[in-house]
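The NADP(+) binding site annotation in TrEMBL covers B:Leu10, B:Gly11, B:Tyr12, B:Gly13, B:Val14, B:Val15, B:Gly16, B:Ser17. Residues annotated as NADPH binding site in TrEMBL: B:Lys106. Among the features that TrEMBL reports, L-homoserine binding site is placed at B:Glu191. Annotated active site, proton donor per TrEMBL: B:Lys206, in sequence order. The domain 'ACT' annotation in TrEMBL covers B:351-426.
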There are 2 protein chains.
Amino acid sequence: MKNEINIGLLGYGVVGSGVATILHNHQEDLRHKLGVPVSIKKVVVKDLEKKRNGVISKEMFTTSLDEVLNDPEIDLVVEVMGGTSAAQEAIRRSLEAGKGVVTANKDVMAESGPELLKLADENKCDLLYEASVGGGIPLIRTLEDGLASDRITALTGIVNGTTNFILTKMKHENKTYEDALAEATELGFAEADPSADVDGIDAARKMVILASLSFSTEVRLDDVFVRGMKEIKDGDLQLAEQFGYTIKMAGSARKDEEGIEVAVEPVFFPNSHPLATVNNEFNAVYVYGDAVGETMFYGPGAGSMPTATSVTGDVVAACRNLLLGVNGKRLHAPQYERKVKSDDQKYARYFHRITVRDEVGVLTELTSIYSHHKASLATVVQDSELHEEGADLIFITHKISRQQHLDILQDLKDTPTVIDISSHYRVEGE
Amino acid sequence: MKNEINIGLLGYGVVGSGVATILHNHQEDLRHKLGVPVSIKKVVVKDLEKKRNGVISKEMFTTSLDEVLNDPEIDLVVEVMGGTSAAQEAIRRSLEAGKGVVTANKDVMAESGPELLKLADENKCDLLYEASVGGGIPLIRTLEDGLASDRITALTGIVNGTTNFILTKMKHENKTYEDALAEATELGFAEADPSADVDGIDAARKMVILASLSFSTEVRLDDVFVRGMKEIKDGDLQLAEQFGYTIKMAGSARKDEEGIEVAVEPVFFPNSHPLATVNNEFNAVYVYGDAVGETMFYGPGAGSMPTATSVTGDVVAACRNLLLGVNGKRLHAPQYERKVKSDDQKYARYFHRITVRDEVGVLTELTSIYSHHKASLATVVQDSELHEEGADLIFITHKISRQQHLDILQDLKDTPTVIDISSHYRVEGE
């Protein structure tokens with residue numbers, strides 16, 4: 001058995017330096033847990049001249065990835081450099097060099113997860129990626145451990161901190177979208193270009209990672225139905241509250257005999273649902289397992305120390321596997337063939353807000369469209385407050401297929417008394 | 001290195017048979033994870049004649065614990081027999097025989113945890129107890145992993161499913177305590193004698209386990225301040241709702257330089273707090289860590305399959321340690337000396353509901369008691385609805401010490417215009 005484990009660290013930014021600090025501060029504990037010492041041997045950075053504080057001595061820094069790849073004493077590579085193509089390439093080459101990899105890179109894992117995991121298996125290496133989803137929340141590990149003794153049937157989660165922060169400020173402090181976004185940017189919760197967050201792409205990447213793992217099947221980014229938060233119209237948050245709901249940007253994934261469905265969209269959650277009270281930059285994922293039932297994991301979705309904590313957890317797991325000689329035995333190959341549901345196989349409740357001309361018989365006209373499409377209604381409300389140009393009608397359906405929902409919206413649009421489909425949402429729950 | 005791992009299972013009830021089923025159904029996966037096969041070799045039961053279904057063949061059952069203890073091929077004992085003294089004895093003897101132990105027994109772990117963990121260390125054995133708290137929620141493992149790279153400063157949680165079920169039914173279905181308890185009993189969520197649950201003792205045991213582990217210090221059952229749910233008076237749930245709160249039976253544990261405080265009591269949670277929406281028989285624990293910040297873990301607090309899933313997770317962990325030769329290296333010895341806070345070191349907000357004679361000047365008289373004790377008030381409300389014999393005054397304080405709270409209650413009691421201290425609660429939050 002090995003008598004020590006050496007790590008090559010790629011990147012020394014906020015997460016990388018956090019990982020180095022944790023490994024340094026807890027070295028005694030790690031030696032006790034694993035039976036051998038674990039230490040960082042080399043750190044690959046872009047610029048050697050940059051001033052750096054921390055626990056890594058100057059001579060350990062290098063600009064050459066090859067120095068790590070060609071060092072037979074380095075067993076494990078920790079990729080926290082960020083970005084996409086260079087990081088993907090570094091992970092690929094590390095695995096080909098027979099080194100286990102721990103990464104925090106959700107972009108790479110969502111884009112190239114299946115190929116990289118296959119490559120890891122072929123090279124008998126671990127590829128662990130806990131920190132790629134949900135920052136400090138131990139989600140991937142829990143799903144993997146759960147999978148060993150349970151079958152995951154569905155996931156629903158708030159996996160993007162930026163949009164959740166914006167929605168919280170809009171709801172609880174009556175801020176406009178623009179003001180809330182500005183505050184998120186100022187606090188470092190939103191990027192200079194927030195489009196990946198607000199358009200739902202970041203969340204979609206995370207759902208690809210979670211769904212692939214949970215359902216042991218290939219899930220592509222294209223398989224995810226995505227609606228950004230711009231679909232949330234003025235007054236919708238308050239309207240939702242009137243009906244006892246909170247709007248959240250949520251990811252959802254479900255699997256049954258017919259296939260999988262994965263979506264990221266603004267969703268109406270009943271105020272009594274645990275996800276309705278997940279506020280600010282926090283993340284939370286609800287997991288449904290056959291044996292365990294409902295579980296939820298909540299915590300900070302990002303941040304230096306939470307993310308570094310997750311990376312370190314993966315390092316410990318990878319070291320254990322190396323020492324046991326069971327590295328690269330995670331059985332990554334998807335167990336099930338990719339089978340994506342069509343719109344007439346996806347069932348949910350829907351909320352429709354329709355602006356109509358305030359004419360006699362309009363309600364009958366509209367409800368007959370729902371009947372025609374065999375959609376049964378749970379709630380029908382005519383909003384007393386008139387717009388300049390008409391009245392608002394609210395419909396909440398019982399469960400219907402997404403195809404029924406789309407057909408109804410099309411027929412409503414084609415109705416002369418309908419001025420506008422102001423907004424529509426999926427409603428969580430039975 | 002060992003080339004197989006054999007288990008002795010103590011008890012074959014709902015949890016035990018679940019464990020056997022999971023180990024049987026997932027044997028291929030376990031062999032891949034660990035590199036060696038894992039199987040149950042003997043099952044100790046009270047009555048050999050009882051008809052049993054499941055994956056264990058008849059000749060593997062025995063009534064003799066010694067058969068397990070004296071079998072050198074058995075590496076690991078799984079105790080799911082329940083009860084206290086016999087189970088405690090079986091765990092002790094297993095550890096003395098040099099066998100690792102996995103247990104789901106919260107009573108034994110709360111009573112004798114420190115001695116048994118010490119004994120485990122002395123015998124270089126693991127003693128794992130994930131299933132003793134929070135059923136299917138991977139709490140202990142998360143806290144232990146978290147501890148390797150973080151410092152836990154506080155925990156707040158709903159750790160008793162019975163009381164949470166009763167409170168949910170009382171709040172959302174307006175049931176009386178008696179009716180809600182009857183329903184809990186019928187559904188199997190409450191024992192025939194529910195006193196350990198409703199009086200808070202079950203929750204106190206779980207908080208002892210969680211606090212000892214999180215703070216690495218000795219915590220005794222006597223250190224836990226316990227108020228049962230009988231302290232919740234008629235109308236309090238509705239009154240809480242009027243002020244934007246939900247009452248939950250909650251455990252809390254906190255550690256700072258002055259020491260630790262652990263309590264189980266009915267608490268006012270703001271409706272926006274994630275624990276306020278944890279309903280029915282579900283459990284959830286909020287964990288505050290220095291590095292990770294706030295995390296929460298939610299799930300079924302009990303039940304056969306959730307609990308069996310947790311036990312199996314521990315079995316996998318214990319097998320890993322055995323194979324690595326790092327069994328019994330968890331450093332169980334408490335790192336910090338036991339130091340329990342006194343009442344003037346415990347700070348919280350409090351809700352007081354006082355029934356008074358409806359006389360001129362009574363409000364001034366009572367608020368002067370708060371001023372006298374230097375307690376600042378966040379909310380003062382005189383309930384418009386008169387009782388037969390008086391009016392209700394509501395006070396919500398800013399943070400005060402528990403000693404101030406007790407002194408104020410005493411002075412209020414001694415005031416002639418005060419008819420009764422109807423109820424009082426700790427209020428969660430700053």
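Heads up, the Cβ atoms here are built off N, Cα and C, so glycines get one too.
Structural mapping of features recorded in TrEMBL.
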{"residue": "B:Gly11", "record": "NADP(+) binding site", "Cβ within 10 Å": "23"}
{"residue": "B:Tyr12", "record": "NADP(+) binding site", "Cβ within 10 Å": "22"}
{"residue": "B:Gly13", "record": "NADP(+) binding site", "Cβ within 10 Å": "12"}
{"residue": "B:Val14", "record": "NADP(+) binding site", "Cβ within 10 Å": "14"}
{"residue": "B:Val15", "record": "NADP(+) binding site", "Cβ within 10 Å": "24"}
{"residue": "B:Gly16", "record": "NADP(+) binding site", "Cβ within 10 Å": "28"}
{"residue": "B:Ser17", "record": "NADP(+) binding site", "Cβ within 10 Å": "21"}
{"residue": "B:Lys106", "record": "NADPH binding site", "Cβ within 10 Å": "20"}
{"residue": "B:Glu191", "record": "L-homoserine binding site", "Cβ within 10 Å": "13"}
{"residue": "B:Lys206", "record": "active site, proton donor", "Cβ within 10 Å": "25"}
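For B:Lys106 (NADPH binding site), the spatially nearest entry among the recorded positions B:Leu10, B:Val15, B:Ser17, B:Lys206 is B:Lys206, judged by CA separation. B:Glu191 (L-homoserine binding site) falls within neither a helix nor a strand when secondary structure is assigned with DSSP, and so counts as coil.
Assigned with DSSP, the residues of the domain 'ACT' (B:351-426) fall into helix, strand and coil as follows: 23 helix, 30 strand, 23 coil. The residue listed as 'L-homoserine binding site' and B:Tyr12 (NADP(+) binding site) are 20 Å apart (CA-CA, integer value). In sequence order, B:Gly16, B:Val43, B:Val44, B:Leu65, B:Val68, B:Val77, B:Val78, B:Glu79, B:Val80, B:Met81, B:Ala87, B:Ala90 constitute the residues six or more apart from B:Leu10 (NADP(+) binding site) in its chain with CB-CB distances below 8 Å.
Note on the domain 'ACT' (B:351-426): its mean pLDDT in the predicted model is 92. Those same-chain residues not listed among B:Leu10, B:Gly11, B:Tyr12, B:Gly13, B:Val14, B:Val15, B:Gly16, B:Ser17 yet with C-beta within 8 angstroms of the centroid of the NADP(+) site C-beta atoms are B:Leu9, B:Gly18, B:Val19, B:Val80, B:Met81. Closest to B:Lys206 (active site, proton donor) by Cα-Cα distance, out of the binding-site residues B:Gly11, B:Gly13, B:Val14, B:Val15, B:Ser17, is B:Val15.
Note: the CA-CA distance between B:Gly11 (NADP(+) binding site) and the residue listed as 'L-homoserine binding site' rounds to 20 Å. A straight line from the CA of B:Val15 (NADP(+) binding site) to the CA of the residue listed as 'L-homoserine binding site' spans 17 Å. B:Glu191 (L-homoserine binding site) is 21 Å away from B:Ser17 (NADP(+) binding site) when you measure Cα to Cα.
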